[in-house]
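K.L.:
The structure is given below, and queries will be raised subsequently.
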Amino acid sequence: MKFFALFIYRPVATILLSVAITLCGILGFRMLPVAPLPQVDFPVIMVSASLPGASPETMASSVATPLERSLGRIAGVSEMTSSSSLGSTRIILQFDFDRDINGAARDVQAAINAAQSLLPSGMPSRPTYRKANPSDAPIMILTLTSDTYSQGELYDFASTQLAPTISQIDGVGDVDVGGSSLPAVRVGLNPQALFNQGVSLDDVRTAISNANVRKPQGALEDGTHRWQIQTNDELKTAAEYQPLIIHYNNGGAVRLGDVATVTDSVQDVRNAGMTNAKPAILLMIRKLPEANIIQTVDSIRARLPELQSTIPAAIDLQIAQDRSPTIRASLEEVEQTLIISVALVILVVFLFLRSGRATIIPAVAVPVSLIGTFAAMYLCGFSLNNLSLMALTIATGFVVDDAIVVLENIARHLEAGMKPLQAALQGTREVGFTVLSMSLSLVAVFLPLLLMGGLPGRLLREFAVTLSVAIGISLLVSLTLTPMMCGWMLKASKPREQKRLRGFGRMLVALQQGYGKSLKWVLNHTRLVGVVLLGTIALNIWLYISIPKTFFPEQDTGVLMGGIQADQSISFQAMRGKLQDFMKIIRDDPAVDNVTGFTGGSRVNSGMMFITLKPRGERSETAQQIIDRLRKKLAKEPGANLFLMAVQDIRVGGRQANASYQYTLLSDDLAALREWEPKIRKKLATLPELADVNSDQEDNGAEMNLIYDRDTMARLGIDVQAANSLLNNAFGQRQISTIYQPMNQYKVVMEVDPRYTQDISALEKMFVINNEGKAIPLSYFAKWQPANAPLSVNHQGLSAASTISFNLPTGKSLSDASAAIDRAMTQLGVPSTVRGSFAGTAQVFQETMNSQVILIIAAIATVYIVLGILYESYVHPLTILSTLPSAGVGALLALELFNAPFSLIALIGIMLLIGIVKKNAIMMVDFALEAQRHGNLTPQEAIFQACLLRFRPIMMTTLAALFGALPLVLSGGDGSELRQPLGITIVGGLVMSQLLTLYTTPVVYLFFDRLRLRFSRKPKQAVTE
């Protein structure tokens, strides 16, 4: 007894099996996490080190390079980049996908320990690391504002109480607090008052350090008691420092308040944060590479009431940005698309069968197959994301195909008068091999995807497995539940048609008759069809070469990031004004809901902005259209540029850039790099294929270069250390003492009062006390002159690097930009000492481009092997695969028509078409072979009869797949930019394939049959292999 006969005669067992599959799927669905895309984040670790006051070049040579040499030995590091700026170095390590982030972190700590002896002794702390990618957009931004508390106090609450608590939440990788710095006592010195009193800056520093100490004092005890000794050795507020005696002049006490202004302020006054034009402290939260964004955001939201309770009521804690609403909205759109696809597919079945009872059968088979897939997704550790749900949407057309083929064949026997159970057995027996061939060959398409490495392979694996599982369950259902329901539900008579549907039935009959007549003509003009087939192959090649290409569709996530790049010599005050101006322009745009931003720190001429757009339903423009509109307004702001880009769910690399794509220049000759980078950047800025061209090379910062006269210094009794200490004391925001509090430690910061450092003449007021106690002006032994200096020094590996970032103008693709850059580099004649290569997402695009054709060929070869094994033939698989060229032409023409570039999503569509369109040929070839074996028909008679008999199921399966994909094309709202390329590719390919393969497949079948007979050792045998 055949396998499926067991289920036909045991309906209860079959029903319970289907119920079990459905219940497991429902349970899996409830337990599946939610995400925008499959987990494709590279493991990234950021190492930070600081040496206050050190120049970028000093940080690069003395801090970055020793660390890089040690970190570069770690196994699994795929990319190492560093950026050194004033007083700080940051090294980004990107690891291979299969590298465990926790194991990598242990190796990073060991490498830091190994390099410790090579680092400068003056570093205030050891280098630290974080398991987060600083280039990723925050998953959530919290803001603190208050009308009563200062920015320093707000920063203290944020960094001391909120950030540590949030960091402990599962999934949180890093909490970056910006907008100010910790509270501090600031000592603003008056150089003239110091000179008048004969007090040096070192005297002030030493006096303050000696007056604020925290040392153990011991204890007193007798035979029965013990007394702990406690002194007032600490000064904690500006008021306590004000009367501090720092010197005696002619017997009179010189107090700190006599020569300085002492205030309760912050450690670094060159920091500013804002939200919607109001000063604010920002908590920018990033997730761990392996964390789920929705679960992490939900966990943070659940803790917000607790967090609010830990800070005073006068402080307002708000969510300024949250990535999760647009992700949820996108997934809801996909779920609605899935439901619409199921409804349309069932409608197609009903129109063709014109029987409510018969339609119930695939209407049951489809949900069982789709719902059952959720169980496998859970067991595989997948998530409900845009790609996995799109896989199920597309699977709707596939899973109904198997049921349609079985159902249609059984219905044909019923209409011929056969009894239901007998028809179920006979019909399933006839098409069982066909259904198996269709399903296995479709799954075979995805085998190369499962073996594909890198980011594309990780991204597509979840899609491929989800679809394959759905097809596998569909195969089981179509050979068990479907024939059982047919045998017990359908009647042995022609179904009654509703009057409304008779017209459709007559139209279908007329269409079939017309097809038969046209097929006869085609079979008599096979050479013309051969020319058409060869033409489609050539057209495929031309279209693939010419179509614009990109890595991944540009997403509208509802969030924009903006990088501010101002003149390299700009002051902090001017930069803060630019931030406010830019925020006002953006805040006034009707599509903008919220704006936050900050500037300052080690790179005064840069800033960041995070813009939340209104929900998609409340605005008519896409994110890119909004960027285009804002770009024109922002260009009118002098002295600085704001580069906007839409936040994407996929971002590769650890570089913090002001645009979406990067091109990196490397050289072992720093001078050559600095010479050629401006030339290359200016050339690229003229290209129409690129927009927002900018660079991270900043080597024209304003510098005042002091030249010591060492002979004069020796004669005057002054050493270089004393002179450098003078400059650090005066202008370096030097942290000279620590104030210990129960919750945190705060600094005493000393510098010349900003009122006396407004111009270069401030240097003339500086003096050093020599070893004879005399005040020697700085101008006696030093000269100064303005010069240029780098604001940052960047490395990749151990080579000097400069990264040029760019966005794409509307209507341009990444392939256009890549080709234009390659041409520009060739035209410029860049020397071999300067090497250029794409980085980040652009690099992955280049790698994917090189493997796309190989992947498609591998998929076709895999299908050929599977079909060859199933048919025990070298020839028939070629007949079946002859359907592919027309599908490729239709897909590529549709993409051109909709002005959609060929992306990774479109590649998925092409792979799916390889599996879909061959189903038509499989049904034709199977019936033709059966007719030749058992009907004693000639090959031409057999294929002609097969085409007519299978016309209805071919139309049904094609229209089911087409209508299953059509909602993807027509869908709007959040995430539509991901769904539409897939739908366009499939619909275009199906339409063109259906028009041509109904005629080309019979012709190819006859061609190979004649070829087989010609080379056969037994030419008299007329039966095919």
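Along the chain as shown, the residues are counted starting at 1.
Backbone N, Cα and C atoms are what each Cβ position is placed from, and that goes for glycine too.
Pulled from Swiss-Prot, these are the listed features:
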{"type": "TRANSMEM", "residues": "3-23", "note": "transmembrane segment"}
{"type": "TRANSMEM", "residues": "333-353", "note": "transmembrane segment"}
{"type": "TRANSMEM", "residues": "360-380", "note": "transmembrane segment"}
{"type": "TRANSMEM", "residues": "387-407", "note": "transmembrane segment"}
{"type": "TRANSMEM", "residues": "431-451", "note": "transmembrane segment"}
{"type": "TRANSMEM", "residues": "463-483", "note": "transmembrane segment"}
{"type": "TRANSMEM", "residues": "528-548", "note": "transmembrane segment"}
{"type": "TRANSMEM", "residues": "853-873", "note": "transmembrane segment"}
{"type": "TRANSMEM", "residues": "875-895", "note": "transmembrane segment"}
{"type": "TRANSMEM", "residues": "897-917", "note": "transmembrane segment"}
{"type": "TRANSMEM", "residues": "953-973", "note": "transmembrane segment"}
{"type": "TRANSMEM", "residues": "984-1004", "note": "transmembrane segment"}
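Please go over these features one by one and say how buried each is and what sits next to it.
P.N.:
For the transmembrane segment (3-23), the list of distant contacts is 364, 367-368, 371-372, 375, 421, 424-425, 428-429, 432, 473, 477, 479-481, 483-484, 487-488: same-chain residues at least six beyond its ends, Cβ to Cβ under 8 Å.
Long-range neighbours of the transmembrane segment (333-353) within the same chain, counting only residues 6 or more positions beyond its ends whose Cβ lies under 8 Å from a Cβ of the stretch, are 359, 362-363, 366-367, 370, 386, 389-390, 392-393, 396-397, 400, 404, 407-408, 411, 495, 501, 504, 508, 952, 955-956, 959-960, 963-968, 971, 973-976, 979.
Nonlocal intrachain contacts for the transmembrane segment (360-380), taken as residues 6+ away from its ends with a CB within less than 8 angstroms of a stretch CB, comprise 18, 21-22, 24-29, 31-32, 338, 342, 345-346, 349, 388, 392, 395-396, 399-400, 402-404, 407, 462, 465-466, 469-470, 473-474, 477-478, 481-482, 485-486, 489.
Distant neighbours of the transmembrane segment (387-407): 37-38, 331, 334-335, 337-338, 341-342, 345-346, 349, 353, 358, 361-362, 365-366, 369-370, 373, 377, 427-428, 431, 434-435, 438-439, 442, 459-460, 462-464, 466-467, 470-471, 473-475, 477-479, 482-483, 486, 912, 915-916, 919, 923, 953, 956-957, 960-965, 967-968, 978-979, 982, 986; these residues of the same chain sit at least 6 beyond its ends, with a Cβ under 8 Å from one of its Cβ atoms.
Residues 3-4, 7-8, 14-15, 17-18, 21, 38, 361-362, 364-365, 368-370, 372-373, 376-377, 380, 382, 387-388, 390-392, 394-395, 398-399, 401-403, 405-407, 410, 424-425, 427-428, 432, 435-436, 439, 442-443, 446, 449-450, 908, 912 of the same chain sit 6 or more residues outside the transmembrane segment (463-483) yet have a Cβ under 8 Å from a Cβ within it.
Same-chain neighbours of the transmembrane segment (853-873): 433, 436-437, 440-441, 444-449, 452, 544, 880-881, 884, 907, 910-911, 914-915, 918, 925, 1024-1025, counting only residues six or more beyond its ends whose CB sits under 8 Å from a CB of the stretch.
Below 8 angstroms of C-beta separation, residues 329-330, 333, 337, 340-341, 344-345, 347-349, 352, 390, 393-394, 396-398, 400-401, 404-405, 408-409, 508, 511, 616-617, 916, 919-920, 923-924, 979-980, 982-984, 986-987, 990-991, 993-994, 998 of the same chain, each at least six residues beyond the ends of the transmembrane segment (953-973), sit close to that stretch.
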K.L.:
Which of 875-895, 897-917, 984-1004 has the most Cβ pairs closer than 8 Å to the transmembrane segment (431-451)?
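P.N.:
The listed stretch sharing the most Cβ pairs with the transmembrane segment (431-451) is 897-917.
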K.L.:
With Cβ-Cβ distances below 8 Å as the criterion, list the same-chain residues six or more beyond the ends of the transmembrane segment (875-895) that contact it, or say none.
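P.N.:
Sequence-remote neighbours of the transmembrane segment (875-895) are 441, 533, 536-537, 539-540, 543-544, 547, 860, 863-864, 867-868, 901-902, 906, 909-910, 913-914, 916-918, 920-922, 925, 929, 981, 984-993, 995-997, 1000-1001, 1004-1005, 1008-1009, 1011-1012, 1024-1025.
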